[in-house]
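Listed in TrEMBL:
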- 1-60: region 'Disordered' (REGION)
- 9-36: compositional bias 'Acidic residues' (COMPBIAS)
- 63-205: domain 'Condensin-2 complex subunit H2 C-terminal' (DOMAIN)
- 213-233: region 'Disordered' (REGION)
């Protein structure tokens, strides 16, 4: 009787593999452990863990960015507030200086160049009358000749006792009178005319009528006879 073939060898001859490569009586796992890990979702679980850690990091970064954004906005707001506060302070100081002047200006009478021009002429005539009396007195004493008779008055004598704003208005009215040939602005011989020393020579005491009362002759004719129709043949 032939020798009995061991069971293990018989299985190998028949093509059967029990998978026990280590002789411990238990079948070994011939599959790759890595395949088992993938088959049981090992990689998926690994990636899920990795993704979770990344999400937490992204959240931390987003929170830090949000904090930085708020800090930057707060810094800009604080800087803007400081600038606005400084500007408001400057505006308040400017208003405190300007408001009383504007209120004072509102209490002053309106500027009418004809009214002030009349004041200049009246003051000049009054001053010339005073000078004329002095001249006559000097002539009687033989101290003054006709050639030395003064025909001018100083602007300072015309504005004597006036407030500063009225001096400016009177000067502007004087320029208008000079333009209308009512007065002539001049200086003493050999001297330069200055605002404190220039002289006024009264040429014509009658003020000119305002331009809005002036009508051209053509306008008067048109108002009287009406426009004439023209025939175009």
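Each Cβ is built from the backbone N, Cα and C atoms, and glycine gets one as well.
Annotations in TrEMBL come from automatic prediction, not curation.
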Run through the domain 'Condensin-2 complex subunit H2 C-terminal' (63-205) and tell me, per DSSP, how many residues are helix, strand and coil. 96 helix, 11 strand, 36 coil
Average the pLDDT scores across the domain 'Condensin-2 complex subunit H2 C-terminal' (63-205) and report the rounded value. 82
